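> Shown below is the structure under consideration.
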């Protein structure tokens, strides 16, 4: 059970919570909520593993990867707060999942032998994949396309990990700090309503 | 031409019909209907094969896998009933496709060496994949998320096949009975309006 | 840098422009526009490479494949026309991307050893994949399902390449003419409002 495993499982757990919360908000039943928790928790990793040629994906080879999102779904089903506060919680847990997945995705891509720039891109794809699947399935505009800083902090977090690896500096705190930076920027962007430039509309 | 092949092709045929019927309902032209028949019939198997590392997917290696959904699409285009009765037929054929795909998906996953629990999960994913792609492409709420028993009978059908295989009991009637159980539960859930528990809304 | 590479990169560039233009139309910010340009430019190729078992996909192994859609997104962000003329430009560039991707997809499928019919089908999937992902992410009805000639010219373009390869006739003008035929039919279908037959509605 390496640090990479732990970060991966925590990422799956928090993404699973966001899927279940969106299911609660859409008034799905317990099974619909479980399905959303599973696909949101595992979706980004499935895309990542298929793209780097790791098949079957890790989540289908290790039972812990299945227990974690199911537990996240059940916990959310029984303990979720009132609907009014759901959306804010979705955003916070989603930021945590984004931060953890971009870092673990970049590490797995490096292990698979991808070049630094490609590894950073795959980290970003891993980070945004689960949320995109969750939002499309539940009929929301994908968060990555809404007018907020989302893909950029994921690319930044993945990039920090990739640069450290290219410099052969493999301390454990690098992925943790990279995830914290991604998480903090994403949360600040939500809280302060940061927006990136819009195109001119003549 | 094994029993697995036959079940697989019948599953593709009935899913192809559901895709074409949804196309008829959305008033698509003959090509849009063919595209929906193809992606609905082949989508679940593509996802299944990519996840277990069978590339190119079986459907791209065997021409029968392409003729079957095209035939389903053309048949539906020329012989479909009045719009009023389309939705009920979609549900029935979709239940049949779900039942057949969860069983063949589980069998293929076992052959690929997945653990029992993972094989049951992959069977479920194979079963629900085609319908999810069909519903997202045509702008419907995915049936797996609507308040009905859907993923659960697929997981049950796949589970029966997996348990029998784990006990090294490989009689031909096992997948057939497993598919019939999944199909019957799904149909009963539709007819009787069975619903799973909803989350509390304080 | 072979002819196949050049056609592939030009296809990614024009699809990237369509993604960015749709982002401009949906009033996304500069990052949302970049994400749409990337997934539209690279999506079809990702699906194609995963289906023929080329992992990691070419676009993750070669930095040029990443620079091209980013350049397309930035160019569109700064130079896009007034909103009123965006939709027409989307259609024209989309037709060009469709034509180029169906041809390069068919060539890659032949190189991967697929049978002629499967190679034509994979070419068609490559051609329509990027646009489907763009339209689903941005909440548009996928162009392939709207009542217009779309998948058919892609299948035709891919088919011309496949037939020439089966006859062992590998002149450079074959893919170029095949792409031009696909592009011309698609544009004529848009301009003249060609529609395929609709199902009877009794």
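Placement of Cβ uses the backbone N, Cα and C atoms for every residue, glycine included.
Given the structure is predicted, the values throughout are model-derived calculations rather than measurements.
Pulled from TrEMBL, these are the listed features:
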type	residues	note
DOMAIN	C:6-80	domain 'Glycine transporter'
DOMAIN	C:92-164	domain 'Glycine transporter'
TRANSMEM	C:6-24	transmembrane segment
TRANSMEM	C:31-51	transmembrane segment
TRANSMEM	C:63-80	transmembrane segment
TRANSMEM	C:92-111	transmembrane segment
TRANSMEM	C:117-137	transmembrane segment
TRANSMEM	C:149-167	transmembrane segment
TRANSMEM	C:173-190	transmembrane segment
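Let's see these features in context: how buried, what's close, how far.
The domain 'Glycine transporter' (C:6-80): residue composition by secondary structure is 62 helix, 0 strand, 13 coil, according to DSSP.
Confidence for the domain 'Glycine transporter' (C:92-164), expressed as mean pLDDT, is 90.
Nonlocal intrachain contacts for the transmembrane segment (C:117-137), taken as residues 6+ away from its ends with a CB within less than 8 angstroms of a stretch CB, comprise 15, 18-19, 22, 36, 39-48, 51-52, 94, 97-99, 101-110, 143-144, 150-151, 154-155, 157-159, 161-162, 165, 182.
Beyond the transmembrane segment (C:173-190), the same-chain residues lying 6 or more positions past its ends with a Cβ under 8 Å from any Cβ of the stretch are 3-4, 7, 91-92, 95-96, 98-100, 102-104, 107, 127, 148-150, 152-154, 156-158, 160-161, 164.
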